[in-house]
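Notes follow once the structure below has been shown.
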Amino acid sequence: MDKIENLKREIAQREAELQDLRKQLAEAEAETPSVENGRDTTTSQSGGEGWKWPLEEHEYERYSRQMIVPNFGLQGQLNIKNAKVLLVGAGGLGCPAAAYLAGAGVGTLGLVDGDAVEVSNLHRQVAHSTARVGMMKVDSAVAYLQGLNPTITYRAHATHLTPQNAEGIVSQYDLVLDCTDHPTSRYLISDICVLLSKPLVSASAFQTSGQLIVLNSPPGKGPCYRCVFPKPPPPESVVGCGEGGIVGPVVGVMGVLQALEAIKLLVRGDHRRLKNAPADGTEEDVKQVGMLLFSAMADMPFRTVRMRGKRQGCFACGGGDGSALTLTELKTSLDYVQFCGINEPVKLLRPEERISVAEYERIAREKRAHVLLDVREKEHFELCSIPGSVNVPISRFTARREGAELEDLIPGGFAVLPPDAPIYVVCRVGNDSQIAARKLKDWGLDRDGERFIGDVFGGLRAWKDGVDPSLPFI
Amino acid sequence: MTSSAPKPPRGHFSILYFASAGSFTGRDSESLPAPLALSKLFSELETRHPGFKAKILDSSLVTVNLDYVDVPGEGEEGPVIQEGDEVAIIPPVSSG
C-alpha cells in the first residue's frame with residue numbers, strides 16, 4: 001500500500017512540475033520568436049519592430065482555419081483574443097467547452113471547480129486523464145489545455161462558486177459559461193451574471209437529454225435563469241449523474257454547443273454591449289431567445305422552443321422595472337441551498353416496519369417464506385443485487401394508476417405467496433423502499449396486518465457495509 | 001424520448017414529455033382530447049399521472065407549438081389548446 005501511495009504522490013508531484021514547465025515554456029514562447037521548422041524568423045518577429053499586423057505571427061497560423069470562415073474574419077479573432085471567459089465547472093460540459101474555447105484562442109480562460117478528478121468522470125470529462133485522478137479538476141484541465149494551446153492565459157480557481165466569492169471571481173471576466181451540475185449553482189451563477197452585467201451561456205445534460213440557452217444577453221435585456229425557471233424542482237426529484245447516469249457524448253455535445261454559442265457571441269461582440277446602452281433608440285438588438293432541447297434517443301433529437309423575454313417581476317432581474325436583487329443581498333441574505341430545498345431522508349415507515357440487513361440475512365439463510373422486492377431501476381439491479389430478490393422498479397409503483405391489476409406488479413403475482421408471507425422491500429439507500437412499502441400497504445397487500453410489509457433499513461449500501469462487501473456498485 | 005410524437009387523432013392535441021417528465025409518466029408523448037383550456041392542463045395531467053403536478057409540472061417550462069406560454073391559475077382566463085396543437089412539458093435539467 002505504501003508503494004502505491006508513494007507512486008501516487010510522485011505522479012502528482014511530477015504533474016505539478018510538468019505544469020509549471022509548460023507555463024514557463026508558454027511564457028518563453030510568447031516572448032521569443034519562433035524557430036520551429038528551422039525557419040529564420042528574425043525578420044518576422046511578432047510584436048517586434050517591423051511587424052505591422054494586428055495579430056502575432058503564430059496566431060495567423062494557429063487560427064487561420066476559423067478566421068477565413070465567412071463573417072468570422074480578423075475582427076472576430078481579435079474579439080476572441082481580447083475576451084476573458086469564465087467556465088464554472090470543469091466536468092462533462094466544462095471539459096469540451098474549454099477545449100474548443102482554448103483552441104479558438106480566447107485570451108483569458110478561467111475555470112472554477114472545487115472537486116478532484118475521479119475515475120468515474122473519465123468516460124465524459126475529456127480533459128482529464130487516468131494519470132491525473134485525485135488532482136484538482138481545474139489543475140488537470142489546465143494541464144490538458146496548456147498542451148492544446150500554450151499561448152493563452154489560464155486562471156484556475158480551485159474552489160466552488162459561493163455567494164461570497166462569486167463577485168470577486170466573475171467580475172474578472174466578460175462572459176460566463178454555466179457548466180455546473182446542480183440547481184443551487186445555476187441560480188447563483190445567473191444572479192451574479194445579472195448583477196455584474198455578464199452574458200451567460202447555460203447548458204445542462206442528464207442521462208440522454210440536454211438543454212442549452214443564452215441568458216442575460218445582451219446584459220440587462222435578455223431573460224435570466226429565474227425568468228425561465230422561476231421555481232426550482234423539488235429536491236427529491238434532483239438526481240445527479242452519479243445516481244441517474246449520463247451518456248458521454250450527450251454531455252459532450254452540449255459542452256461543444258455551449259462553446260459554439262460563446263464563440264458566436266464573442267465574434268459578434270455582444271459581450272461588450274453595455275447594459276442599458278441606447279441601442280439607436282430601437283429594441284431590435286434583443287434577439288429572439290430560443291432554448292435548444294436535445295433528446296439523444298428521439299427521431300428528432302434537436303428542437304428549439306421560442307422563449308419570451310424577461311419575466312415581469314423577476315426576483316433577480318426585475319423584469320424591466322429596475323428594482324431587484326442587489327450584490328449586498330446576494331452576499332449576505334440569499335440562501336441558495338434553502339431556496340432549492342434540502343433532500344431530507346424519507347420517513348414514511350415506523351422503526352418496527354423496518355428490518356436491518358443482518359435480520360434479512362438471517363431470514364434468507366433460514367429459507368423462511370418471503371419475497372424481497374428490489375425497487376431500484378433495472379439498470380442498477382443488473383449490476384448487482386441480493387440473491388433471490390425480485391426487481392420491480394420504483395417507477396412502476398409511482399406510475400400505477402388506481403384500480404390497475406396488482407398481480408401484474410411482480411412476476412408470477414402475489415397470489416403465489418402464502419397469504420402471511422412477508423414482503424420486504426430494498427433499494428439503494430433506503431428511501432424509495434419506504435415509498436414502495438407504504439404503497440403496498442395502502443393498496444391492502446398487508447391483508448389488515450396478517451402479512452408483514454416493511455423495508456430493509458439502509459438498502460444495498462448497508463448490505464455492502466454489513467453483509468457482502470463484494471458488491472461492485474451501489 | 002424514443003420517437004417523435006405521432007400525429008394526434010382527430011379531436012386531440014399531442015403533449016410531449018421531456019427529460020424527467022418522460023421518466024415520471026413512463027412515456028415520451030400522449031394525445032389528449034381538445035379543446036382544453038390551458039388553465040385546466042395541469043389538473044387534467046395530475047388526474048392521469050398522480051403526483052405529477054408537485055413533482056414535475058410546477059417547476060417546468062410549458063410550450064404550445066414551440067412557443068413559451070404562462071400557464072394561468074385554475075379558474076383564470078387564458079388561451080385554449082386546440083385540436084392538433086403540440087404542447088411540451090420541459091422540466092429543468094440541472095446536471096452536467
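Going from the start of the chain as shown, residues are counted 1 onward.
In case you wondered, yes, glycine gets a Cβ from its N, Cα and C as well.
Annotations in TrEMBL come from automatic prediction, not curation.
Residues or ranges marked as region 'Disordered' by TrEMBL: A:22-51.
TrEMBL lists A:G92, A:D113, A:S120, A:N121, A:L122, A:H123, A:R124, A:K137, A:D181, A:H182 with the feature ATP binding site. In the three-state DSSP assignment, the secondary structure recorded for A:S120 (ATP binding site) is helix. Cβ neighbours within 10 Å of A:S120 (ATP binding site), excluding its own Cβ and spanning all shown chains: 12.
DSSP assigns A:C314 (Zn(2+) binding site) to coil in the three-state reduction, placing it in neither a helix nor a strand. On its own chain, A:C314 (Zn(2+) binding site) has A:P223, A:C224, A:R226, A:C227, A:P230, A:A324 as residues at least 6 apart in sequence with a Cβ closer than 8 Å to its own Cβ. Annotation comment: TrEMBL describes A:C224, A:C227, A:C314, A:C317 as Zn(2+) binding site.
Annotation comment: TrEMBL describes A:C241 as active site, glycyl thioester intermediate. In sequence order, A:G92, A:D181, A:F206, A:V251 constitute the residues six or more apart from A:C241 (active site, glycyl thioester intermediate) in its chain with CB-CB distances below 8 Å.
The annotation domain 'Rhodanese' is assigned in TrEMBL to A:366-472.
Following the DSSP three-state reduction, the secondary structure of A:C427 (active site, cysteine persulfide intermediate) is coil. Per TrEMBL, the feature active site, cysteine persulfide intermediate maps to A:C427.
Ranking the recorded positions A:S120, A:L122, A:R124, A:C427 by Cα distance from A:C317 (Zn(2+) binding site) puts A:R124 first. Closeness to chain B is evaluated for the binding-site residues A:L122, A:R124, A:C227, A:C317 by Cβ distance, with values under 8 Å counted; no residue is counted. Rounded to a whole number, the C-alpha distance linking A:C427 (active site, cysteine persulfide intermediate) with A:R124 (ATP binding site) is 27 angstrom.
On the 0 to 100 pLDDT scale, the domain 'Rhodanese' (A:366-472) averages 90 in this prediction. Just so you know, the Cβ of A:D181 (ATP binding site) picks up 25 other Cβ atoms within 10 Å once every protein chain is counted.
In terms of DSSP secondary structure, the domain 'Rhodanese' (A:366-472) contains 39 helix, 14 strand, 54 coil. In the three-state DSSP reading, A:C227 (Zn(2+) binding site) counts as helix. According to DSSP, A:C241 (active site, glycyl thioester intermediate) sits within a helical segment.
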